[in-house]
Amino acid sequence: KNKTAINEFILLGFSYGLQVQTLLYLVFLVTYMVTVTENAIIIFVVKRNHHLQKPMYYFLGNLSFLEIWYVSVTLPRLLFGFWSQSMTISFSSCMIQLYFFISLMCTECVLLAVMAYDRYLAVCHPLRYPAIMTHKLCFQLSILSWVGGFSISLVKVSFISHLTFCGPQVINHFFCDISPVLNLSCTDMSLAETVDFVLALVILLIPLLIIVFSYCCILSTILCMPSAQGRKKAFSTCTSHFTVVIIFFSATLFMYARPRRIHPFNLNKIVSVFYAVFTPALNPLIYCLRNKEVKEILRKII
């Protein structure tokens, strides 16, 4: 009770020698520029080409738009910290960063489930697909993804923001993430931790169950196809999305669907770099390299 509440944190980031920090700065800068450029190109191509006016590409455009903001929540501040050697962040800025980062992550979980449902309809019910997956339904599903993700994050962050933080004020991370912020609280955080853990399971496991169910149905339908050409074509429409799902959910389940004090923060930092920095840069490459339509259109544009 005698402790004074702190109103700013120090992000430890990557505290290495000058040469290593310079190298990391260049790597993160290039990654950020590549990520924004790749995803902007995908949005531009999807919007401008009438051949891509399909539900699958509509959701891909949503995902690309999300990825641009996803990396923009963390990387610009990290890059500024490398340049200025000042990694302090106010309490309110920390909560805002935490809110938007978790919101975008939750939105991506739901959006990937929506994309799996779209592939399920396309492969398992191809004749009914145009009648079911209308423009109106696509818009409603995308709104559901964004509203659901931002609403769940609002509940999580509101519980965390009402905690009292008395020090130490050092966050052993390169951005305000749930686990390192929670562990700086000097009041009872059991309720906030429980709410965060339960909502993390809900937002991760429900979309994951939808994805697993969709791909079980897809696999069953593909295996029953008499034509080898038909099976190959059906597989090719799903492999990109399935690859992105494996990469995203393996990292997020490791980070957020477990008790908070199992792994050291240095390991958390490494995993966070993978899913918060490099995954958004990989996703457009995965979709473009595995998708003949997108590759063909990009070739024509170039």
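Backbone N, Cα and C atoms are what each Cβ position is placed from, and that goes for glycine too.
Unlike curated records, TrEMBL annotations are generated automatically.
The feature transmembrane segment is assigned by TrEMBL to 23-45 (among others).
If you look up TrEMBL, you'll see 38-287 marked as domain 'G-protein coupled receptors family 1 profile'.
Using a Cβ-Cβ cut-off under 8 Å and counting only residues 6 or more beyond its ends in the same chain, the transmembrane segment (57-76) has close neighbours at 28, 31-32, 35-36, 38-40, 42-43, 46-47, 97, 100-101, 104-105, 107-108, 111-112, 114-115, 118, 138, 141-142, 145, 174-175, 276-277, 280-281, 283-284, 287. Look at TrEMBL and you will find 57-76 (among others) tagged as transmembrane segment.
What TrEMBL records for 96-117 (among others) is transmembrane segment.
Proximity of distant same-chain residues to the transmembrane segment (137-155), defined by a Cβ-Cβ separation under 8 Å and at least 6 residues beyond the stretch ends, is recorded for 55, 58-59, 62, 99-100, 102-111, 114, 117, 195, 199, 202-203. According to TrEMBL, the transmembrane segment annotation covers 137-155 (among others).
For the transmembrane segment (197-222), same-chain residues at least 6 beyond its ends with a Cβ under 8 Å from one of its own Cβ atoms are 106, 109-110, 112-113, 116-117, 119-120, 123-124, 148-149, 152, 155-156, 231, 234-235, 238, 242, 245, 249, 252-253, 256-257, 259-260. The annotation transmembrane segment is assigned in TrEMBL to 197-222 (among others).
Annotation source TrEMBL lists transmembrane segment at 234-257 (among others).
Residues of the same chain lying 6 or more positions beyond the ends of the transmembrane segment (269-289) and with a Cβ under 8 Å from any Cβ of it are 14, 28, 31-32, 34-35, 38-39, 41-42, 60, 63-64, 67, 70-71, 74-75, 101, 172-175, 177, 240, 243-244, 247-248, 251-252, 254-255, 295, 298. Look at TrEMBL and you will find 269-289 (among others) tagged as transmembrane segment.
In summary, the transmembrane segment (96-117) does not lie against the transmembrane segment (23-45): fewer than three C-beta pairs, each 6 or more positions apart in sequence, are under 8 Å. Counting residues 6+ beyond its ends, the transmembrane segment (234-257) has Cβ neighbours under 8 Å at 56, 105, 108-109, 112, 115-116, 119, 122-123, 178-179, 197, 200-201, 204-205, 208, 211, 215, 218, 221-222, 225, 268, 271-272, 274-275, 279, 282-283, 286-287, 290-292 in the same chain.
Note on the domain 'G-protein coupled receptors family 1 profile' (38-287): its mean pLDDT in the predicted model is 85.
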